[in-house]
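Presented below is the structure to which this report refers.
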Amino acid sequence: MAAKLGQLAFTRTQRLIARTPTRLMEAAEGTVNGSVDYKGNPVHRSTSGGWRSASFIIAVEVAERFAYYGISSNLITYLTGPLGQSTASAAANVNTWSGTATLLPLLGAFVADSFLGRYRTIIAASLIYILGLGLLTLAAKLTSANLHDCRSTKDARLCAPPRFQVILFFFSVYLVAVGQGGHKPCVQAFGGDQFDGQDPKESKAKSSFFNWWYFAISVGITVTLIVLVYIQDNLSWALGFGIPCIVLVAALLVFLLGSRTYRYSAKENGKNPFMRIGRVIVRAIRNRRTTPSAVPSEEDACLWDRCSEQFKFLNKALLAPDGSLEDQNVCSVNDVEDTKALLKLVPIWITSLAYAIAFAQTSTFFTKQGATLDRKIASGFKVPAASLQTFIGFSIMIFIPVYDRIVVPISRGLTRKPSGITMLQRIGTGMVFSAISMVTAALVEMKRLETARDHGLVDLPKVTVPMSIWWLVPQYILCGVADVLTIVGLQEFCYDQVPKELRSLGIALYLSIFGIGSFLSTFLISTINKATSGDGQESWFANNLNRAHLDYFYWLLAGLSALGFSAYLYFARLYIYNRERAI
């Protein structure tokens, strides 16, 4: 037994010694381990990657967010306006579409990590995205013509959009969701690939990259909410959907210009990473009753604590059916540890869903809430209700530099950790701010309902409630601060804590939190709407918001956020960071 272990250790030592000159040569030549250039050759650190390459990638992401929020931020207005849907139905449709759009990245990540690679997936997804935006522009143009006929003839039959136009509209927005599904997980992962986590200088730059990434896309979102929403509400929906199409075409050209400078991930041993993970799970299940024969314990098979203590049942994948290590088809320790790394994310993923449910309200009920208030500012200009979301963007743009340049250096000096506070601490802090934002929204809604009652406007839903939109600013700002902490934290966490070959999947897992959150929000809305609208009672989500009770819904979300945070705190304390980055 001792001789067998000794032989295994000697063989491993020989392999390590054989690789050492290669690594020293790579360091001397300034090449980046695990990355290649566009020709498949070893990539040089001085001529590739870094902020220069990341800038091209950030540009295409800003354009994509400009396009996506050009649809999502004002979609409820379009559905309740030109398409004539009820508030509850429109909110459910928005959440369903948003949920689908944030779950499809799981499929996009699979395609990228298994077949096309991130670079080619980005290009293919962008083309689908552009096609979807083009068809959406056409659908909006046809609907606008239908509305014009309705006003000119005053024929009630012409006021409902033809079925073909409705089908074309939903086909277009879901085609955009497909494009976003391939685009979103790959772009951010590809941007992170431009920084070498093993290099001390580039490792710090990578941590800052996620902060400034979110800052840049927040700028794009804010421009959307100020400019594009105004165009959609006051000029033309077709123009409001057509501009993002043109912007995304230009951004794709900019992305292609940086092709020669990018660092592309080299696939390890040419193995499909999903096949490696699946193989570990299958073999562990098959060997669940197998006992080791060649070694006294599974820990010995890991050779001196190379296997982590969590999910020890997966160590069975290291054994052959007869309990030996001699089968050529046994899984490697790295395959087992990669599988464990994915499974460790599950509790964090589940306990983040309460945050995602609260997050879904900013583009639906927050917007409808603001539409009832006095939105006039200087010179009689009326702010579009969806543009109120700019307060989230402004708070993000202010707080990210403060966090990156002030909070992180101070906390870094106190904790001696490169990121200041851990990723999980950052995520949890954002959850607290999210819960507070829901409490604030409930209190403001109570004030709005009271004002409507005091002025006799309960049965006059189209009359503006004499209450300034500035009352909504605190809940938007709190949501923005929560986003900086939780969303950016989840992005970095899911990217950092998955195997290198599955980082597109890591970003997709982060996005899927918000996809499932949107579906759960839809389920809650539908259930509550049915439960509260019987026996002649007004639903919490009645079309007449002055008779609705959004305040009750916000209180419910505040309670769910508190429960979700409590569960998250429990699992976050148990989480053990991967060895590559044990912070």
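Positions of Cβ are set from backbone N, Cα and C atoms, glycine also.
Here is what TrEMBL says about this protein:
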type     : residues : note
TRANSMEM : 122-140  : transmembrane segment
TRANSMEM : 212-231  : transmembrane segment
TRANSMEM : 237-257  : transmembrane segment
TRANSMEM : 346-366  : transmembrane segment
TRANSMEM : 386-403  : transmembrane segment
TRANSMEM : 424-444  : transmembrane segment
TRANSMEM : 469-490  : transmembrane segment
TRANSMEM : 502-525  : transmembrane segment
TRANSMEM : 552-571  : transmembrane segment
Other parts of the chain folded back onto the transmembrane segment (122-140), taken as Cβ under 8 Å at six or more residues beyond its ends: 60, 64, 67, 71, 78, 82, 108, 116, 165, 168-169, 171-183, 186-187, 190, 236-238, 240-242, 244-245, 248-249, 251-252, 255-256
Which of 212-231, 237-257, 386-403, 469-490, 502-525 contacts the transmembrane segment (346-366) most, counting Cβ pairs under 8 Å: 502-525
Distal contacts, the transmembrane segment (386-403) - CB-CB under 8 A, six or more residues away: 73-74, 77, 211-212, 214-215, 218-219, 221-222, 225-226, 229-230, 233, 362-363, 366-367, 370, 469, 472-473, 476-477, 479-481, 483-485, 488
